[in-house]
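Visitor: Once you've had a glance at the structure underneath, I'll fire off some questions.
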Amino acid sequence: MRESKQPFVMVLFGATGDLAKRKLFPALYALYRDGLVHEHFAIVGVGRSEMGQAEFRKMVQDSIAKHSRLSIAEGQAWENFIGRVDYVALDVNNSETYALLRQMVEAREKTMDDTSNRLFYLSLAPELFGTVATNLRLGGLTQNQGWKRLIIEKPFGKDLESARALNEVISQSFREEEVYRIDHYLGKEMVQNIEMLRFTNMLFEPVWNNRYIDNVQITASETLGVEDRASYYEHSGALRDMVQNHMLQMLMMVCMEPPSKFETEAIRDEKVKVLRSLRRYAEDEISQYVVRGQYTTGEMKGQQVLGYRDEANVAPDSDTETFVAAKLYVNNFRWSGVPFFIRTGKRMPKKATEIVVQFKEVPLLNNFTHAGAVGPNLLVIRIHPMEGMTLYLNAKKPGTDDKVVPIAMDFCNNCDIEGGSPEAYERLIHDAVHGDSTFFTRWDEVSLAWKFVDPIRRAWDKGLVPLHDYQAGTWGPKAVNFLLSEDDVNWWYVRDNEAFTLPAQMQDGVFSRR
Ligand SMILES: NC(=O)C1=CN([C@@H]2O[C@H](COP(=O)(O)OP(=O)(O)OC[C@H]3O[C@@H](n4cnc5c(N)ncnc54)[C@H](OP(=O)(O)O)[C@@H]3O)[C@@H](O)[C@H]2O)C=CC1
Ligand SMILES: O=C1O[C@H](COP(=O)(O)O)[C@@H](O)[C@H](O)[C@H]1O
């Protein structure tokens, strides 16, 4: 699993981009501040923009000041960090420019007792991933003495065919165990915690199956619209952007069997088995199991917002989906018959990612007069922005003889951590630096995820499934309801940053269905 700290040089392609500024530099700074990387490290930023070292360092400083969970330390500590950051402007398509990059990396390595461990991070447009992997090899950057690793941002392809082609190109320069495909949801504390909750509590594992679980709901809702990413999003849509990766990763974490060891490949093997058991829908079945939607103009926090088709760089007749909901089945012994409802969308009422595990209801016995008011137990795993979990149980209302009320046991994962828990990118970069690829996506996961998603995309492209409208600020198209009503299920109430409350359905001691 994790190696001890070792010196390394990180080459960050896309160092002037949005992700680098908002997430990657703040993450690197936090790792340095928390003493989680070797004292000998350096970052060589690569971008296209011409700028000098001082200007680049100022950009890094501004982005850390704006986006880091930690404030910039005054004095020596900051100087130590920023003094390790270099910049080179080059066009990654031009293989000749890699000689300069190599010189810069080697110059840094000379100051580290000639240790040569290299971490390449591709925070670039996906079309450039293969070219850079190849040019790194042709430019001699991958023939170093120590380890070499390649972190690749998403998306990894746009369908199975393109993902295979990309993988083929990358594999000519890096071995599979050197490739770290990012899915930043796997770096989220509470996504990682699912394993721990499940496999370290005797309370859950015996009932974690189709005998006791009625259904599972996974929501990743966003309040933001497409913002300035339309040129990417128009070709991606919510299916490729969120479902192929983040939603399926959360599903795998919920459904996987206990691994034979808490080791990288053992864990990844179990996750992959979930995707192998995931029921794949044929194109003519998609309309029964998957709903797509696109937001129209509506109100968010009292402000009128644009509909998707009116956003900058979106085609006026775009049929890109900004919302997807689906009913999934994992056809194995543990999960057969349990519906997994997933939904993700932009311009929804709350920013929240959470998983609700709804247990079956107790038998309605004649001698238990209040059975009608007794609702199901729920385990709610809150991933973002609240981190923690809530277990909903039933209990007697104090002062009454027989009135049953829902009660909630709430756990907050990050309330006691100053500055909040580590960001997903901190966790993931830290893992990659230390050779731990557990929370990165293995190639077979990627390919199976595309095998599930591709028929959906094809059915949509053929016009076999309607694209429904939903007003910005709502929970998606009404057409979604049929997915759940067949199973007599409703979406559970989603909290964002609200203080603890019982879900609306549980108030007044009665479980009402919305
Ligand atoms: N931004 C986000 O929130 C998220 C991004 N991602 C992924 O991260 C990656 C980067 O995204 P993002 O930061 O938003 O993209 P940006 O468009 O903001 O940045 C792209 C970066 O690539 C550089 N670049 C582009 N072409 C070349 C070239 N020919 N040679 C050298 N450098 C080049 C740009 O340099 P310059 O600016 O100097 O021209 C810039 O640094 C993408 O794969 C994206 O899918 C994933 C999840 C979220
Ligand atoms: O990968 C992506 O994720 C974000 C949502 O991430 P979160 O950590 O804020 O939940 C999404 O906005 C973006 O479209 C997508 O590319």
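Cβ coordinates come from backbone N, Cα and C, glycine included.
The domain 'Glucose-6-phosphate dehydrogenase NAD-binding' feature in TrEMBL is assigned to 11-193. Residues or ranges marked as NADP(+) binding site by TrEMBL: GLY14, ALA15, THR16, GLY17, ASP18, LEU19, ALA20, LYS21, ARG48, ASP91, VAL92, LYS154. TrEMBL lists HIS184, LYS188, GLU222, ASP241, LYS346, LYS351 with the feature substrate binding site. The domain 'Glucose-6-phosphate dehydrogenase C-terminal' feature in TrEMBL is assigned to 196-492. The active site, proton acceptor annotation in TrEMBL covers HIS246.
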Visitor: Quick check on the binding-site residues: of ASP18, GLU222, ASP241, whose CB has the lowest count of neighbouring CB atoms inside 10 Å?
Guide: ASP18
Visitor: Rank the binding-site residues ARG48, HIS184, LYS188, LYS346, LYS351 by the number of other Cβ atoms within 10 Å of each Cβ and report the first-ranked residue.
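Guide: The most densely surrounded of these binding-site residues is LYS188.
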Visitor: Using a 10 angstroms cut-off on Cβ to Cβ distances, just flag whichever of THR16, HIS246 is the loneliest among these recorded positions.
Guide: THR16
Visitor: Among the binding-site residues THR16, ASP18, ALA20, VAL92, ASP241, LYS346, which have a Cβ atom lying under 6 Å from any atom of ligand 2?
Guide: ASP241
Visitor: Calculate the distance in Å between the alpha carbons (Cα) of THR16 (NADP(+) binding site) and HIS184 (substrate binding site), and round it to a whole number.
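Guide: Between the alpha carbons of THR16 (NADP(+) binding site) and HIS184 (substrate binding site) there are 20 Å.
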Visitor: Identify which of the following recorded positions, namely VAL92, LYS188, HIS246, LYS351, place a Cβ less than 6 Å away from any atom of ligand 1, and list them by sequence position.
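Guide: Passing the 6 Å Cβ check against ligand 1: VAL92.
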Visitor: Fill in the CA-CA distance, ASP241 (substrate binding site) to ARG48 (NADP(+) binding site), as an integer in Å.
Guide: 26
Visitor: Taking GLY14, ALA15, THR16, GLY17, ASP18, LEU19, ALA20, LYS21, ARG48, ASP91, VAL92, LYS154 as the record's NADP(+)-binding set, what's the max Cα pairwise distance in Å, rounded to a whole number?
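Guide: So the maximum pairwise Cα distance among the NADP(+) binders is 21 Å.
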Visitor: Using only C-alpha positions, which one of HIS184, LYS188, GLU222, HIS246, LYS346 is spatially nearest VAL92 (NADP(+) binding site)? These are the recorded positions in the record.
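Guide: Closest by Cα distance to VAL92 (NADP(+) binding site) among the recorded positions HIS184, LYS188, GLU222, HIS246, LYS346: HIS184.
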Visitor: With H, G and I counted as helix, E and B as strand and the rest as coil, say where DSSP puts LYS351 (substrate binding site).
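Guide: DSSP call for LYS351 (substrate binding site): coil, neither helix nor strand.
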Visitor: Around the C-beta of ALA20 (NADP(+) binding site), how many further C-beta atoms are within 10 angstroms, looking at every protein chain?
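Guide: Taking all protein chains shown, ALA20 (NADP(+) binding site) has 24 Cβ neighbours within 10 Å.
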Visitor: Given a separation of at least six residues and a C-beta threshold under 8 Å, show me what packs close to GLY14 (NADP(+) binding site) in the same chain.
Guide: ALA20, VAL46, GLY47, TYR121, LEU122, SER123, LEU124, GLU153
